[in-house]
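Here is what TrEMBL records for this protein:
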- ASN41, HIS46, GLU51: oxalate binding site (BINDING)
- HIS44, HIS46, GLU51, HIS92: Mn(2+) binding site (BINDING)
- 5-146: domain 'Cupin type-1' (DOMAIN)
Amino acid sequence: MGNTSNAVGSAVTPVTVEELPGLNTLGISMARIDFAPQGINPPHTHPRATEILTVMEGRIQVGFVTSNPQNRLITKELQKGDVFVFPEGLIHFQKNVGNGYAVAIAALSSQNPGVITIANAIFGSNPDIAGDILAKAFQVDINLVYQIQSKF
């Protein structure tokens, strides 16, 4: 089991071409996601892969958001043995909604799917995205942007 003692309560263990060079040119990879109770795999996207998630243990709420202009949230609660598909490039997430630990296995349609965790990319970029840009984009006070950026 991965170490879920972190701010989000999850651990992702990838098996991509970086970890297993034998996957080169095969167009597949996998990941194990371990969740503490109420742990999340925060909103993220895979720019080069569709993901198929299978719940191995526990109850997991999953969801993704369709593209502009609808930005429709598609969500479902999964149990052991259930499967869900996240289309390539769309922002998606998972949350353990059970009382115990949960485990899921993700299969991805690329040996190098990439991952962009939305909060990390927006508030933890290096160098920082200017606070006034984020304040205007999120329609919040610039001091709130600085407060959030300080966490990343």
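For all residues, glycine too, the Cβ spot is worked out from N, Cα and C.
Those TrEMBL annotations? Automatic predictions, nothing curated.
What TrEMBL annotates, mapped onto the structure for a quick look.
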| residue | record | Cβ neighbours (10 Å) |
| --- | --- | --- |
| ASN41 | oxalate binding site | 25 |
| HIS44 | Mn(2+) binding site | 20 |
| HIS46 | oxalate binding site | 24 |
| GLU51 | oxalate binding site | 25 |
| HIS92 | Mn(2+) binding site | 22 |
Rounded Cα separation (Å) that holds between HIS92 (Mn(2+) binding site) and HIS46 (oxalate binding site): 9
C-alpha spacing of GLU51 (oxalate binding site) relative to HIS44 (Mn(2+) binding site), in angstrom: 12
Cβ within 8 Å of the mean position of the Cβ atoms of ASN41, HIS46, GLU51: remaining residues of the chain near oxalate: ALA31, HIS44, THR45, ALA49, LEU53, PHE86, HIS92, ALA106, LEU108, PRO113, VAL115
Helix, strand and coil counts within the domain 'Cupin type-1' (5-146) (DSSP): 22 helix, 58 strand, 62 coil
8 Å Cβ shell about HIS44, HIS46, GLU51, HIS92 centroid, Mn(2+) site members excluded: THR45, ALA49, PHE64, PHE86, LEU90, ILE91, ALA106, PRO113, VAL115
